[in-house]
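Here is the structure we will look at.
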Amino acid sequence: MNYTMLKGKIHRAVVKQADLNYVGSITVDTKLLEAAGILEYEMVQIVDVENGNRFETYTIAGEPGSGMICLNGAAARQVAVGDHVILMCYAQMTPEEAKEHHPKVVFVDDENKIARVTNYEKHGKLTEDFI
């Protein structure tokens with residue numbers, strides 16, 4: 001039996017654009033994808049912090065260092081520009097792999113620049129000094 005484990009996460013990124021007429025997906029700054037260990041075209045789950053919407057799409061690599069987070073196609077209806085979103089990617093692992101696994105968690109500032117990268121996910125309240 002395999003487990004589905006959190007592989008990578010970009011926490012509280014700010015939606016910069018929403019393009020309803022694009023074919024689909026989410027465009028993400030390449031630096032953020034790399035820091036979180038998420039590949040271009042990989043499936044991600046997205047949670048909108050402001051409205052609670054939760055949906056899946058795939059990633060498209062955006063310009064490195066741009067801070068771009070753009071929801072495309074139908075996904076653009078799930079968010080508003082300025083909303084905070086959490087992007088999560090999962091991987092299948094054997095029980096042995098799962099026991100040793102630590103996800104890559106990327107915290108960003110309001111410009112979607114990397115503020116901190118950790119290899120753990122723990123319960124707790126976000127504070128300014130945590131990010």
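Cβ atoms here come from the backbone N, Cα and C positions, even for glycine.
Under the heading active site, schiff-base intermediate with substrate, Swiss-Prot lists S25. All protein chains shown were included, and the count of other CB atoms within 10 Å of the CB of S25 (active site, schiff-base intermediate with substrate) stands at 19. Secondary structure at S25 (active site, schiff-base intermediate with substrate), taken from DSSP and collapsed to helix, strand or coil, is strand.
Following the DSSP three-state reduction, the secondary structure of Y58 (active site, proton donor) is strand. Taking a C-beta cut-off of under 8 Å and a sequence gap of six or more, Y58 (active site, proton donor) has these contacts in its own chain: G24, S25, I26, Y41, E42, M43, V44. The active site, proton donor annotation in Swiss-Prot covers Y58 and is backed by sequence analysis.
If you look up Swiss-Prot, you'll see T57, G73, A74, A75 marked as substrate binding site, on the strength of sequence analysis. Shown in sequence order, G24, S25, I26, M43, V44, I46, L71, N72, G73, A75 are the residues of the chain, 6+ apart in sequence, with a C-beta less than 8 angstroms from the C-beta of T57 (substrate binding site).
Annotation source Swiss-Prot lists pyruvic acid (Ser) at S25.
Comparing Cβ neighbour counts within 10 Å across the binding-site residues A74, A75, the minimum falls on A74.
When the record's substrate-binding residues T57, G73, A74, A75 are compared pairwise by CA position, the greatest distance found is 10 Å.
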